[in-house]
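Asks: Take a look at the following structure, please.
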Amino acid sequence: MSSQEASKMLRTYNIAWWGNNYYDVNELGHISVCPDPDVPEARVDLAQLVKTREAQGQRLPALFCFPQILQHRLRSINAAFKRARESYGYNGDYFLVYPIKVNQHRRVIESLIHSGEPLGLEAGSKAELMAVLAHAGMTRSVIVCNGYKDREYIRLALIGEKMGHKVYLVIEKMSEIAIVLDEAERLNVVPRLGVRARLASQGSGKWQSSGGEKSKFGLAATQVLQLVETLREAGRLDSLQLLHFHLGSQMANIRDIATGVRESARFYVELHKLGVNIQCFDVGGGLGVDYEGTRSQSDCSVNYGLNEYANNIIWAIGDACEENGLPHPTVITESGRAVTAHHTVLVSNIIGVERNEYTVPTAPAEDAPRALQSMWETWQEMHEPGTRRSLREWLHDSQMDLHDIHIGYSSGTFSLQERAWAEQLYLSMCHEVQKQLDPQNRAHRPIIDELQERMADKMYVNFSLFQSMPDAWGIDQLFPVLPLEGLDQVPERRAVLLDITCDSDGAIDHYIDGDGIATTMPMPEYDPENPPMLGFFMVGAYQEILGNMHNLFGDTEAVDVFVFPDGSVEVELSDEGDTVADMLQYVQLDPKTLLTQFRDQVKKTDLDAELQQQFLEEFEAGLYGYTYLEDE
């Protein structure tokens, strides 16, 4: 593939921007993966890797996970903050604290811990805290405890502190402080406390409600003062060491981040005036990733990079400290999405294609109903030279005639053959109009979008949107989706992707299309009998954890892929995926009982013994098979 063709494909799918140097198109027109852009020779052809795995028994859909990307993301964020601190003469330290709620899988936690980079861990529940405490011995032992807490949660955190870890119990509501002080006295340990301040500043977009004055978490200004006085009276003011705030997840606009950090810096200054020696400044999450590749303020993009993010935070905190003669605190960010999103690709196969194939019908009979005659007249006019009617007018006329025919069909005026004739002619008209539209003409864009959606291929993909990409369904989040091969061809077709659940919501509604978002996906020409595999990218944050069991489709298989500079690749199975039996047990249906009940029914039939045994074996094999569609 020429460099010009490769450049065009990169622009079509915006790979150069959302791919972040981890994903690219190689000379074969295949997606390639480079888990560490600092080692460009270590890369793998993803399409070929999947085919090799399939030949070895790999089932699809499957998650292809690249732990080396996780480690590179952590190094990149740490490096950005190091540069910012050096640039602005910031004397405080920096810590990335990974909030495990983003992805609690062992491969993620342990890959980050073993990266050799400074790292803390954050927990938001008792279960998460237990996972964090068990792994804390492998890190520099910074633990941040967020979320609502009961006595057991608080005791666990204090036990971690007593074991020698730095465990910050962040006070989210005033009722927690009495329990903390009580349990600290019982355990004879000095608690290390934080306070989450509820800011007036708020981001925008799909996750804005997680920040601002209406946020679910945090203390208002009056409550912060109350907490300070409570601790002063208890002689524990020195325990309050961390200031925490959260603007929202996936912050698209750097200006919103800068505004929020400036407001929170005032809390830091005012708390010092009250005698509180805040040592850590936890800015929470918000560091976004560019799912669209548009470098914009849209909900699924960001208009900044790692360096600008780090510079804004370090400058704002440092400036407030210099202005008020205060020490530079240790800066903490809880950048889970930015660490994990890129490292996972869902790969699946297309199990069926429905194309809008058409043939131009012959002229209707002379005594055919008027609506059919009208459609034919419009079709003929479209091919007459010098016609003055617009493309839009032709399209509208044919749509009105087709609408009348559909209504007439319901009332018995038109036959099935006449309806089919009209629909074929309408598709022919749409195709003819499409050929004459100019994408550079702004007036044509709405018609182009309408026809692309009408004429798009329907691709039925072997996956559950609700299990593997729940945010695409729940909050209409966009994820990059494209074929793993055939990218050396011009994307002349359009497609929409549908999952295999029995739910009309199981469809992807938005796709990357150059610098914009479209309701159909650009597709290279392909063999409908052997369509390409598809990759759903940047699904490493939240999707595995939020996925639900709609239609009892379970977790997919997952493999960890390691790529080395000599071209070698190691693949480890990290999750075998759920069986049908696993999913049935989730809903209290015992597989053995079901098998017994089915066996009893089979025995009551008049089928011969051999056929009965065959049916029983098939039923049992299905129980312990994959929940997704499998090749025969």
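These residue numbers are counts, starting from 1, taken along the chain as shown.
From the backbone N, Cα and C atoms, a Cβ is placed for every residue, glycine too.
What Swiss-Prot shows for this protein is this:
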BINDING   F281, D282, V283, G284, G285, G286, L287, G288, V289, D290, Y291  substrate binding site
MOD_RES   K101  N6-(pyridoxal phosphate)lysine
Asks: Other than its own, how many Cβ atoms are within 10 Å of the Cβ belonging to Y291 (substrate binding site)?
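Replies: By my count, 25.
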Asks: Under DSSP, is Y291 (substrate binding site) helix, strand or coil?
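Replies: DSSP call for Y291 (substrate binding site): coil, neither helix nor strand.
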Asks: Round to a whole number and give the Cα-to-Cα distance in Å for the pair G285 (substrate binding site) and K101 (N6-(pyridoxal phosphate)lysine).
Replies: 12
Asks: According to DSSP, does K101 (N6-(pyridoxal phosphate)lysine) sit in a helix, a strand, or coil?
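Replies: For K101 (N6-(pyridoxal phosphate)lysine) - judged by DSSP and reduced to three states - the answer is helix.
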Asks: Please report how many Å separate the Cα atom of V283 (substrate binding site) from that of K101 (N6-(pyridoxal phosphate)lysine), as a whole number.
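Replies: Rounded to the nearest whole number, the Cα-Cα distance is 17 Å.
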Asks: Express the distance between the Cα positions of V289 (substrate binding site) and K101 (N6-(pyridoxal phosphate)lysine) as a whole number of Å.
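Replies: Answer for this pair: 17 Å between alpha carbons.
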Asks: Relative to the Cβ of L287 (substrate binding site), which residues of the same chain, six or more apart in sequence, are found under 8 Å away?
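Replies: Spatial neighbours, sequence-distant, of L287 (substrate binding site): I77, M251, L306, Y309, T333, S335, R337, A338.
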Asks: So what sits near K101 (N6-(pyridoxal phosphate)lysine) in its own chain, CB-to-CB under 8 Å and at least six residues off in sequence?
Replies: E122, G124, S125, E128, G336, I545
Asks: Can you check which residues sit near F281 (substrate binding site), meaning Cβ under 8 Å from its Cβ, same chain, 6 or more apart in sequence, and list them in order?
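Replies: The list for F281 (substrate binding site) reads G92, L242, L243, S264, A265, Y268, I317, P329, T330, V331, I332, given in order along the sequence.
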Asks: 10 Å Cβ neighbour count around V289 (substrate binding site)?
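Replies: That number is 22.
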